[in-house]
Every structure is written in C-alpha cells, then in structure tokens.
Amino acid sequence: MSFDVPDDRGYMESHEWASDEGGTARVGISDFAQDELGDIVFVEFPDEGAEIAHDEQLGVVESIKAVSDLYSPVSGTVTATNDELLDAPELLNDDPYGEGWLVEVDLADESGLDELLSADEYRDQIE
Amino acid sequence: MALRTPPLGAAHEDRGAKTTEFGGWEMPVEFDSIRTEHESVREGVGKFDVSHMGEIVVSGPDADELMNRLTSNDVRTVDAGTAQYAAITDADGVILDDTMLYRLPESHSDEFLFVPNAGNDVAMEERWESHRDEWDLDATVENRTEEYAMIAVQGPDSADLVAEATGDDALAELPNFAATDATIAGSEGLLARTGYTGEDGFEVIFPSADAEAVWEAFDCQPCGLGARDTLRMEAGLLLAGQDFDSEENPRNPYEAGISFAVDTDTEFVGRDALAAVEESGPDERLVGFELDERAVPRHGYDIQNGDGETIGTVTSGTMAPTLGVPIGLGYVPADHADPGTEIGIVVRGEAKDAHITALPFYER
C-alpha cells in the first residue's frame, strides 16, 4: 500500500505535517497516520491564541479503536482552528492534507519548518 | 510466546487485513474500515473469521452431568441440535468464562460442543478433565480448537447467503439457537443460528483444511474484530477479559447482567454462592451509559457520581457507529444503576457528562 506524501510540506516522525503559508503554517496529520488510526471519531486541539511548541503535545485524535496524541511540528501562536472537524472528524480520514487540517500557527521564528523531515525522508520512514 | 494463527491467516494477509493480538491469536482487526464493516452487518451482511474461539467436545455416558455441573444453566433442557448460553463460574460464583454450548445433532457420536473464549480453551479443557476425574465421571473431553475454523455470517441478509452457500433453502429457516449439519463448498460442518452482533446471523464450524473454501462461499464484506467489538457493544453483549475477568475484575453473573444464564435449581460449581447473590441482589451492576458531551469512553476510565466522587470503572466504550453517539459499559453501585442517572466519565482528567441508559443500546 502506498500513501500520499505531498512534497510541499514538512513532516514529523510522529506523522504530523506543517506547510509554509508565508509567516504562518498550517498543521495536520499524514495520510499514513489517518490510515493507521482508521475511522477517526474525535479530535481535540488548542484554542485560538494558545502558544504551542515544536514536538510538544498539540492535542488528541481518537479513532474507533485507538487514542493517539498529536505533537506540534512548529512553535508559535495558534491563529485559527478547523472547527469543522468537531462535527465532522471524518474529514481527517477523507482529506488529511486539505479539509482535514487542524490548526494554523503564527510561527515564532523563521526557521520554524527547517527541522522537519522532507517528503522524501518521511517516505523512507513509512516504507 | 508465538501467536496462534487462524487457518485463514494467509488469506486475510492477501486481502490486506490489519491484524491485532487477541487472546494469544493474531486476528484480523480491520479489512476496509470498522465503520464500513459495521454498517454492512447492520444493513446487509458481513462475515467474520472467529477461529480464535475454542471448540471443546464432551461425550460419554456422564457428559450431561459433567456439563451441568460446570456451567451455570440447565443443560438438561437443551435438545439435540440446539444451543444454550451459560457462564462458567468458580466456587465463589465468579465468572471464569462465558460460553455457547451445543447439544450436537443426533447424527453425531459426540454429545456436546462448547465454545470457550479466545485463549481459554486449554484452561477449560483442563477444568473439565480435572473435575471429571475428581467426580469420577465417565466422559471424554477433547479440545478441538486447532482442528476447526469458525466463521460468523451476520446481518439481515445472512439467511439468504446461507441458503446460497449451502444450496439448501430450508437452512434459511433454521430457528434461533438451533444447530444442524450443513455442507458448504463440499465440506461437512455445523451451522448454528447464533451470533454476537445484535443482528440475525449464523455461525459455522468447519474443518480447518476447508476454511478457505467455506470463507469464499459467503460472498460478502469481510469484517474484523474491530467491527465485531462495536457491534457487540451496541447490542450490550459482554466481552470476556474486558467486561469481566476472573483476575483483574472478578464479577458474578448477577453483577454482569447475565442472570438469565443462571439456574440455581441445578447443582453446579458456584451455585451456592450465586443463590446467595440472587437472594440479596448484587452490590454492583453492569450498566450501559451514553455521553452527553464530545468524548470517547474507553476501558479503564473512571465513572463519577453527580458529586464528582469515583463510583466505578468503564469496562468497554466506543463511538457507536450505528447510533452516532459515544456509548460504554461499566460497573456502578446498584443504587446508581437506574436508567437516567447522571454520571461523569473521566476522560484525560476531565469529567464528561453522561447518563445511564437501558441495555441493549441497539435492538434490531
């Protein structure tokens, strides 16, 4: 089975991604992660305004069969949350890189995305 | 310790199933998605490989007495070709396992077959043998778990599929809890109208060597243990080792809500202790509950009363696919067990509002 790993973003070993939106970053989970979890039924993430830090807990995602912690790929301030996920957590399964995004973050510093795995490096990890 | 694999293990791998360890077996947990599989069973039909369930055959002149003294129900009322649900209890009335037992059709030389839960087959075989010897009974006990594959075909369309797979329309009319001989894909086995999903359905037991042909004879959605778990929870059915566990969470049948499977007019191990509980009523009861807030209850979470005091523990929980709400099972004091009672379920340190509901959550 092969999983979608878009080249235009960086990845965490723990299967979150962040995309550079010019000063802010959008954060979500990978196609591999959503497939491993199975049917996602619940998601919890910080409120707008919250400070989050790279590799620290960002929230929780629950599928029918498992609970999984989410880790933040970036450091900064949450500027937007995808509240549609509260009523439709299945968007995380259906469109993990698009409509299933979790939060947007105002990056604390420019180097924010540099320490993430590239798409190629992440592909090697999940193969 | 190496995991036991069902005869269909390679076929499941080819089909791309994800697997999980359960009761010492490596079993498929998900073929496509738990939700898809769950819905197939509620709305159409699905098939499950349940070869992790044990099969123990008991025969001989004293087979009736041995079965009756080791199970909580009255096997004398079980006709040939029918099934009965029972608990297997210790002298204190604690449930060691729950089981479906069959008095085999008259065409069989053996008298009984009973189905212990995954991983309990060897312990139950030993229990039966040691009590037979202690009581000096004339009966043979054979653990045939490795010789058989067991497949469950469940859902409103299961009878049509059984008629198709057997080429015998009459089998679609098999009564609930009846068991009969059947031929599927040229293989001879046992077909029973039983299940664990809250739907109409059948379970078939066939020689391991023919497992793949019998599995293929049922042309429907393959389902894993994930959907089996969500289906049984909606139906309010217990899972051994989770909703009761003789070591981690010892419970008697009155606490666990299966007193219908106890007949204290028969003599069995645990009978006296259970007669006392029947008289006094259990101190705690298994209840169903529904969350009123967004959260998913899980095994081991605390249950609180309205004052925030811990009064019990969740034994099973999920987001119910058919009902669309978070549901769970757990034990609370008997005076907190009435439907409508407001409780809290502690999820990651925070109590979420919930209320006790009547079981089952779902009834076809």
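Glycine too: its Cβ is placed from the backbone N, Cα and C atoms.
For the compositional bias 'Basic and acidic residues' (A:1-18), same-chain residues at least 6 beyond its ends with a Cβ under 8 Å from one of its own Cβ atoms are 25-33, 35-36, 55, 58, 70-74, 96-97, 105, 112-113, 116-119, 121-123, 125-126. Look at TrEMBL and you will find A:1-18 tagged as compositional bias 'Basic and acidic residues'.
Secondary structure of the domain 'Lipoyl-binding' (A:24-106) per DSSP (helix as H, G, I; strand as E, B; remaining residues coil): 15 helix, 35 strand, 33 coil. The feature domain 'Lipoyl-binding' is assigned by TrEMBL to A:24-106.
Using a 10 Å radius centred on the Cβ of A:Lys65 (N6-lipoyllysine) and all shown protein chains, the other Cβ atoms total 20. Residues annotated as N6-lipoyllysine in TrEMBL: A:Lys65.
What TrEMBL records for A:1-24 is region 'Disordered'.
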Reported mean pLDDT - the domain 'Lipoyl-binding' (A:24-106): 96
